[in-house]
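Student: According to TrEMBL, the protein carries these features:
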type	residues	note
DOMAIN	19-539	domain 'Cytochrome oxidase subunit I profile'
TRANSMEM	42-64	transmembrane segment
TRANSMEM	128-147	transmembrane segment
TRANSMEM	209-235	transmembrane segment
TRANSMEM	269-288	transmembrane segment
TRANSMEM	295-314	transmembrane segment
TRANSMEM	326-352	transmembrane segment
TRANSMEM	586-606	transmembrane segment
TRANSMEM	612-630	transmembrane segment
TRANSMEM	663-689	transmembrane segment
TRANSMEM	737-760	transmembrane segment
TRANSMEM	772-795	transmembrane segment
TRANSMEM	816-843	transmembrane segment
Amino acid sequence: MSVPVEPQSQGLNALRLHRQLAAIWATGPGVQKLASVNHTVLGMRMMITSFVFFAIAGILGMLTRVQLATPHAAFMDVETYNQVFTMHGSMMLFLFAIPMVESFAVYLTPKILGTRDFAFPRLTAYGYWCYLFGGTILTVSLILRSAPDGGWFMYTPLSSNVYSPGLNADVWLLGITFVEISALSLAMEIVVSILKMRAPGMSLDRMPIFAWYILVTAMMMIVAFPPLILGSILLEVERAFNLPFFDPTRGGDPLLWQHLFWLFGHPDVYIIFLPMAGVLSTMIPVFARRRLIGYRAIVVAIIALAFLSFGIWVHHMFTAGIPHLALAFFSTASAIVSVPTAIQFFAWLATLSHGRPRWDVPMLYIFGFFFVFTCGGLTGVMLAMMPFDWQAHDTYFVVAHLHYVVAGALAFPMLAAFYYWLPLLTGRSAVHKLSVPAFWLIFIGFNMTFFMMHLTGLLGMPRRVFTYSGDEGWNWLNLLSSVGSFVMTIGFALVVIDIIVQVRFGQRVRRNPWDSTTLEWAMPIPPMPYAFASIPRIDTDTEAISPGQLAPQLARGEGYLGFTRNGWQEALGVHMTSGEPDQLIVLPKPTYLPLVTAIVTCAAVLSMLFKFYLLSAGFAAVTFALFIYAGQNAGLSRDYGALPVGRGVSVPPHTEVAGSPSWLSLICALVANGTLFTSLIFGTFYLWIAAPNWPAATTPQPSKLLALVAVIALAVAAVSTRASLRAAATERKPYGTLGLTALALIAALAAAVMLIAGVTPNPREHALGATAAALLTYIAIHAGAGLLFVISNVLRLNAGFISARRLTDLRLTRLWADYTLATGIIALGLVLALPGLVAMLGARP
């Protein structure tokens, strides 16, 4: 295998370099496109898929408006209406808003950062297929009249078996969890790629503002999604196996679901808003024809907004019986969160007022956003005040506020972004025959639809009502809302037609038609699979870049990696803060494995849905086996040392460095995992402190001996992983220490299973036993996952993928063992402490 020295291909012309790179990065025609793992292809697929779900959800919303247009309407019966409005909200939030945000990130982020792809293309592909299959499960359930019907909040006890005995709630719990896991995997991919795969020289303080927004958003996803995933798991376990986490008659509490849901739900508003704010911060300087004012202030503001958003989830629970002192705290925090949002608004307005704005279609939608989101923000501050919230809670005033904030923050910037980046996607210029009338129809229809809902809410119309008598004074307001929804729909239809016309009839566009300064405009248009023929070096603020001057240099291979080597798909890894190149990342080729793995995962979810639990466990085992199989040939099977990457720089492959993307990805996964674990601990303490019918009739007596065995075994596993790492670093095969790690994890797993079997009270009888069983199950699952790490280590050691230089696999196993030990000590300590904690508070009704 030849490894070239300092690029021999410097003499290649741009066309020859393009042909060589295209041959390496191409996916293949026809059915082979299903094997694509390229971010450009997957980002485009996610956009199209999310827009299809948006269209379906929009139709469902129109159906609800037809039903509510007049009193006593018989357009839908109550069961159908409940499914329709539940699916409208669920699809808009989980199948459109979050995926559309991630699709922008997937498509644009590598291009804006000046790199060729994400760090884990197969994970991106797996995330997309899981999203598609999860969304399809929900959509098909609507066709089969088995869709969720308890509202998109899925509040307990309405969603419990007592009140929702069919599959409807299970479809939501399993389908949405499937989609959320997909979104979580993509969030981890985005964080790792932004931190490790930027153009050389692009330090964090030189990073484009869009990348800052996406980075903060992805980090928020990693922390925000696990509480909802945990809540969905606990509710599904309650429905499937009768464990009473939310049943107040057996020591559970329905409010626990609200806490877990809104720990996700309120940050999710900003997860949707921030990427679109990043879009605005990217476009506004272009159309104002001046640099963005307040770059550093905006970065600080979005970080502050991210932190504050996690401290105000009770904002949605003011009427749920929370103590007044806590309500005062959360009310104040809910008002404070408007400050970092205002900083961004003032920065945008200052940029426009100090520039020379030019009007084009994207600017129409930007000003539409200013109007709509300001209205939504003002009503949000109103709802942050407890007295007003008590009056408006669960009325159509809240529905109007939600749409002004979430839909306004997403729809208008999204459409501005479509018109701005369509020349990049299609290589054609906008036609603009329909775009201006489309904007006005959407703007007028949106405000006509949702402004009226403020008034109906103030007049007392509760949300989720199926019909009304007509004596309340809502008639003409509801009719105007319904008419407005059809006007808005016509506007969106014109946008679709406008895009089709542009793709089909638009003229070929020159590179960088907007005179932007971001790197995506320094690529060929439309983009090639490899994105950049060579990777630029950024030694200045990104807003000082001239894509027009940079583009021909990169096309000629004058940047980094302006050549081909061994048929590898190569990208550069950089230091997280300074942006200096520190590793050569060799990316995987197209494969059907992500699709196959997602199909098997979907089969596990469907088996769970239809109560075939053993079959579901079998499919889950096959899924894990596929992950191990996919990882067996990942990386490089020999040592290379430092390799030339151009411009006189040589760096080692990513398999030979300690800070590889894989290491950072596991840290992200453990942060998400730790958030789920913390949510479980929170749930345990919440039930102990606040739930009725405690303590249980039976006093728990967990085995201290078994707990000690589990802790010692986990400690041995953590120590032996270090021994394996030291042995491999000295060119010895660590089979013995890996075997010891496996035995220790088996012992810990066995001890955890025996503790679960001996839990008292019976987990089905009281929430005390259920929470103890959940904590012990968490330990058992992580010990079992540790065994999978060891199995993978042994297989890759045999295949030659581990050496004294290539130690990433063993480092990952050590990190997992350390985490399992830490959480195991906490979980087992809490299980042992539960009898004393219960006795401390005594009995309560």
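The chain as shown is numbered from 1 upward.
Even glycines carry a Cβ here, placed using N, Cα and C.
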Student: Under 8 Å, at least 3 Cβ pairs, sequence separation 6 or more: does that hold for the transmembrane segment (586-606) versus the transmembrane segment (128-147)?
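Tutor: Judged by the Cβ rule, the two regions touch, with the required three close pairs present.
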Student: Would the transmembrane segment (612-630) and the transmembrane segment (772-795) count as touching if the test is at least 3 Cβ pairs under 8 Å, pairs 6 or more apart?
Tutor: yes
Student: Which stretch, 128-147, 269-288, 295-314, 326-352, 663-689, tops the Cβ pairs under 8 Å count with the transmembrane segment (772-795)?
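Tutor: The stretch with the most close Cβ contacts to the transmembrane segment (772-795) is 663-689.
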Student: Hey, does the transmembrane segment (737-760) touch the transmembrane segment (295-314), meaning at least 3 C-beta pairs closer than 8 angstroms, sequence gap 6 or more?
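Tutor: No, these stretches are not in contact.
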Student: Need a quick answer: max count of Cβ pairs under 8 Å to the transmembrane segment (42-64), which of 128-147, 326-352, 816-843 is it?
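Tutor: Top-ranked stretch among 128-147, 326-352, 816-843: 128-147.
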Student: By Cβ distance under 8 Å, which residues at least 6 away from the ends of the transmembrane segment (737-760) in the same chain are close to it?
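Tutor: Answer is 698-703, 706-707, 709-710, 713-714, 716-717, 720-721, 723-724, 727, 769, 772-773, 776-777, 779-780, 783-784, 786-787, 790-791, 793-794, 797, 813, 817, 824, 831.
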Student: If you count every Cβ pair below 8 Å, which range out of 128-147, 269-288, 663-689, 816-843 shares the most with the transmembrane segment (209-235)?
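Tutor: Stretch with maximum Cβ contacts: 269-288.
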